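Taking it in order: structure first as structure tokens, then the write-up.
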Amino acid sequence: MAMEGYRGFLGLLVSALLVGFLSVIFVLIWVLHFREGLGWDGGALEFNWHPVLAVTGFVFIQGIAIIVYRLPWTWKCSKFLMKSIHAGLNAVAAILAIISVVAVFDYHNVRKIPHMYSLHSWVGLTVLILYIQQLVVGFFIFLLPWAPPSLRAIVMPIHVYSGLLLFGTVIATVLMGVTEKLFFVLKNPSYHSFPPEGVFTNTLGLLILVFGALIFWIVTRPQWKRPREPGSIPLQLNGGNADGMEGAIAISSAHNMDAADAELSSEGAARKRTLGLVDTGQRSTM
């Protein structure tokens, strides 16, 4: 099936990948050039893993996971395969985010810095916990086969909304963290005097913001939604489409065949009962 507005989609996709990749490169340059590199010794070099892993996993990889269903080259792949890829990318993002938080706690423990005192830390830890919860719920309800279709229809709009909300909150949290870090480390020259590190890192923040905007635009265009698989029917609640943005939750064709077989069986039984009654009536009149 051809995608409507394919050239526009391709242009935005390439732009998103380019900007996201540049964001990862910029955060690496920031910590390697301006912040003395990476390490795992409880010092500042260990803390530097925090922005690197947060931008790479929680921003870039999560953004790709959000739009993976919309890649038209994957529409011939099974829905289960795409669900597995979506879940796998989100799992990688969660693991990298967890490691980034561990690096911060180690750094604070070694330096005797209080934990969880800033708004950045409050929002960041909250969104990480909710992200892991979202991943676990999605795994058990959408990836594993035993959840009833009615439950999937109820949860899907919540899953889509909360996923986008968490992604937007992650971007806001990263921008808060970048600004907070610059205020802490830029003393001479100070942040407000436009030092090279400040200008460079502000550019990183703009790249992250643009990447998020491109992902939001791609995932909210209805004409770029993955089409339903042949032989499937959408589940609807109260007359509404229950699938949110990424295609209707569908009953498989095997289920449809089972339902059809059951209907034919019931019709056959009804015909037999009718013939039996007719036969009985004929016998009573003979």
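One-based numbering along the chain as shown.
Note: Cβ is positioned from N, Cα and C throughout, glycine not excepted.
Quick caveat, the model's predicted, so the values are computed rather than measured.
So that you can see what the record holds, here are the features copied from Swiss-Prot:
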{"type": "TOPO_DOM", "residues": "1-7", "note": "topological domain 'Cytoplasmic'"}
{"type": "TRANSMEM", "residues": "8-32", "note": "transmembrane segment"}
{"type": "TOPO_DOM", "residues": "33-47", "note": "topological domain 'Extracellular'"}
{"type": "TRANSMEM", "residues": "48-69", "note": "transmembrane segment"}
{"type": "TOPO_DOM", "residues": "70-78", "note": "topological domain 'Cytoplasmic'"}
{"type": "TRANSMEM", "residues": "79-105", "note": "transmembrane segment"}
{"type": "BINDING", "residues": "Lys79, Lys83, Arg152", "note": "L-ascorbate binding site"}
{"type": "TOPO_DOM", "residues": "106-118", "note": "topological domain 'Extracellular'"}
{"type": "BINDING", "residues": "His108", "note": "Fe(3+) binding site"}
{"type": "TRANSMEM", "residues": "119-144", "note": "transmembrane segment"}
{"type": "TOPO_DOM", "residues": "145-151", "note": "topological domain 'Cytoplasmic'"}
{"type": "TRANSMEM", "residues": "152-179", "note": "transmembrane segment"}
{"type": "TOPO_DOM", "residues": "180-197", "note": "topological domain 'Extracellular'"}
{"type": "TRANSMEM", "residues": "198-222", "note": "transmembrane segment"}
{"type": "TOPO_DOM", "residues": "223-286", "note": "topological domain 'Cytoplasmic'"}
{"type": "MOD_RES", "residues": "Thr285", "note": "phosphothreonine"}
The topological domain 'Extracellular' (33-47) - residue tally per DSSP class, helix then strand then coil: 6 helix, 0 strand, 9 coil
The residue listed as 'Fe(3+) binding site' and Lys79 (L-ascorbate binding site), distance between Cα atoms, whole Å: 44
Lys83 (L-ascorbate binding site) to His108 (Fe(3+) binding site) - Cα separation in whole Å: 38
Cβ neighbours within the same chain of His108 (Fe(3+) binding site) - under 8 Å, at least six residues apart: Pro114, His115
Chain residues outside the topological domain 'Extracellular' (180-197) and at least six past its termini with a C-beta under 8 angstroms from it: 30, 34-35, 51, 118, 120
Within-chain partners of the topological domain 'Cytoplasmic' (70-78) [C-beta distance under 8 Å, separation at least 6 from its ends]: 1, 3, 6, 9, 13, 85, 218-219, 224-227, 229, 246
Within-chain partners of the transmembrane segment (119-144) [C-beta distance under 8 Å, separation at least 6 from its ends]: 58, 80, 83-84, 87, 90-91, 93-94, 97-98, 101, 104, 151-152, 155-156, 159, 162-163, 166, 169-170, 172-173, 176-177, 180
Per Cβ pairs under 8 Å, the stretch of 8-32, 48-69, 152-179 packing most closely against the transmembrane segment (198-222): 8-32
Same-chain residues at least 6 beyond the ends of the topological domain 'Extracellular' (106-118) whose Cβ lies under 8 Å from its Cβ atoms: 42-44, 46-47, 50, 125, 180
Chain residues outside the transmembrane segment (8-32) and at least six past its termini with a C-beta under 8 angstroms from it: 38, 48, 51-52, 55-56, 59-60, 63-64, 67, 70-72, 197, 200-201, 203-204, 207-208, 210-211, 214-215, 217-218, 221, 224
Secondary structure content, the topological domain 'Cytoplasmic' (145-151) (per DSSP, counts of residues): 3 helix, 0 strand, 4 coil
Mean predicted confidence [pLDDT] for the topological domain 'Extracellular' (180-197): 96
